[in-house]
Amino acid sequence: MGKKLMRIGISLPGELLDKFDKTLMKRGYSSRSEGIRDAIRTYNQHYEWMKQIRGSRSATISIVYDCSKKGVTSTLAEIQHEYVDMISSSVHFHMEEDLCFEVIILRGEGEQIVDLAQRILSIKGVKHLRLTTVPEEKNE
């Protein structure tokens, strides 16, 4: 990757930008641009990590989403039903009036777990997703 810096423009909700700026100040970043570069590097590293998840795994997928967004709840349920053979359990609770937190506990092949997580993350209204996996240990 070259050293040339590219100028880009992005649109963000004001509340998200304010929170980002406060985080940058607390962490001592010299500029918003450096914070965005760091966030993109972290995002890319996470994507690379997800590509390496292979083999039999136990996992949790933690999701925060806006349940007032049209279709988010039904789409989430439809996707989960496609992976019903992998999902052991899920827990759902309301954080606020329009904000829900859900944890899905599952077991399956790493590639399928990642596929499920990526499909959920692509739903409009999903604000946060965290995937945690543990390789299955074989008893010998």
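Note: Cβ is positioned from N, Cα and C throughout, glycine not excepted.
As annotated by Swiss-Prot, Ni(2+) binding site applies to His81, His92, His94, Cys100. Applying an 8 A CB threshold to same-chain residues 6+ apart, the list for His94 (Ni(2+) binding site) reads Cys67, Cys100, Phe101.
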Listed binding-site residues (His81, His92), ranked by Cβ neighbours within 10 Å, top entry: His92
